[in-house]
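Q: First, the structure itself, so that you have it in front of you.
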Amino acid sequence: MAHYHNDYKKNDEVEFVRTGYGKDMVKVLHIQRDGKYHSIKEVATSVQLTLSSKKDYVYGDNSDIIPTDTIKNTVHVLAKFKGIKSIETFAMNICEHFLSSFNHVIRAQVYVEEVPWKRFEKNGVKHVHAFIHNPTGTHFCEVEQMRSGPPVIHSGIKDLKVLKTTQSGFEGFIKDQFTTLPEVKDRCFATKVYCKWRYHQGRDVDFEATWDTVRDIVLEKFAGPYDKGEYSPSVQKTLYDIQVHSLSRVPEMEDMEISLPNIHYFNIDMSKMGLINKEEVLLPLDNPYGRITGTAKRKLASKL
């Protein structure tokens with residue numbers, strides 16, 4: 001029989017805003033074998049549950065708690081029986097399981113991050129079972145579902161590091177007594193893209209294809225045409241262009257959040273060595289760095 005501390009008393013002057021508990025970074029490699037042709041999904045999954053009762057917090061009564069070890073095991077078993085077609089579908093399966101299996105679970109939130117494996121390919125021929133780690137952006141998702149509602153689905157890209165050596169500048173900004181930054185018409189532009197978007201509720205979505213489309217848009221608007229590039233007057237303008245094109249080309253998308261750090265590369269002064277360095281040798285600086293953020297959504301249609 002479970003024992004808890006009866007001498008604990010509820011404080012009527014304090015109330016919870018939100019509670020949750022779960023298991024983080026549950027790692028799984030799922031292999032789908034179709035004859036000799038194998039497909040893989042490696043993921044790290046974090047699950048948070050909110051219960052209808054707060055007695056575990058207030059009184060130390062654990063009788064409603066689903067152990068976090070059970071949550072870990074559930075992720076493993078669902079991967080076996082449901083597979084992982086997409087990380088978004090897998091996250092929805094986990095939410096649905098806990099909400100349907102336990103009446104006292106009122107909220108499930110699942111974060112899944114996919115390891116970027118890519119199938120070996122040469123001269124258009126794909127290998128049947130060999131993969132290479134290819135970190136050109138990490139695919140992640142967040143799914144939250146309340147007992148009384150549909151799942152709210154976000155997908156995203158992170159750790160997509162890009163750089164261009166020209167077609168970027170920064171001019172016309174405010175200058176005061178503390179400004180030392182010179183205006184520049186031509187500079188390196190490097191960033192590590194983080195973007196997250198929310199889907200319309202209740203729509204059937206090809207999550208994998210949509211993610212590929214958004215990543216292509218990010219690369220396209222950052223780099224521009226392959227033969228000449230595209231000028232960026234600011235990180236803000238590039239961020240906005242990505243959002244506008246994504247919302248235009250992906251009808252399933254409701255809104256989009258982007259964060260772009262401005263990773264600096266500065267020309268190294270070689271004048272003391274009698275050398276002129278014309279932006280050929282640059283010094284990468286990890287910090288400090290600027291960071292530009294923005295969230296854009298579709299405007300509601302006018303009823304007039």
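Cβ coordinates come from backbone N, Cα and C, glycine included.
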Q: Since Swiss-Prot lists T68, D69, F170, R187, V235, Q236 for urate, which candidate among N103, N262, N267 does it give for that site as well?
A: N262
Q: Looking only at T68, D69, F170, R187, V235, Q236, N262, the residues listed as binding urate, what is the longest Cα to Cα distance in Å?
A: 52
Q: Between Q236 (urate binding site) and H264 (active site, charge relay system), how many Å separate their Cα atoms?
A: 16
Q: From the Cα of D69 (urate binding site) across to the Cα of S39 (phosphoserine), what is the distance in angstrom?
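A: The Cα atom of S39 (phosphoserine) is 28 Å away from the Cα atom of D69 (urate binding site).
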Q: List the residues of the same chain that sit at least 6 positions away from K164 (N6-acetyllysine) in sequence and have their Cβ under 8 Å from its Cβ, in sequence order, or write 'none'.
A: C188, F189, A190, F222, A223, G229
Q: Among the recorded positions listed here (S63, T68, F170, R187, H264), which has the Cα closest to the Cα of K228 (N6-acetyllysine)?
A: R187
Q: Cα-Cα, whole number of Å: N262 (urate binding site) versus Y289 (phosphotyrosine)?
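A: Just about 6 Å between their Cα atoms.
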Q: Using the alpha carbons only, what distance in Å do you get between F170 (urate binding site) and H264 (active site, charge relay system) once rounded?
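A: Rounded to the nearest whole number, the Cα-Cα distance is 13 Å.
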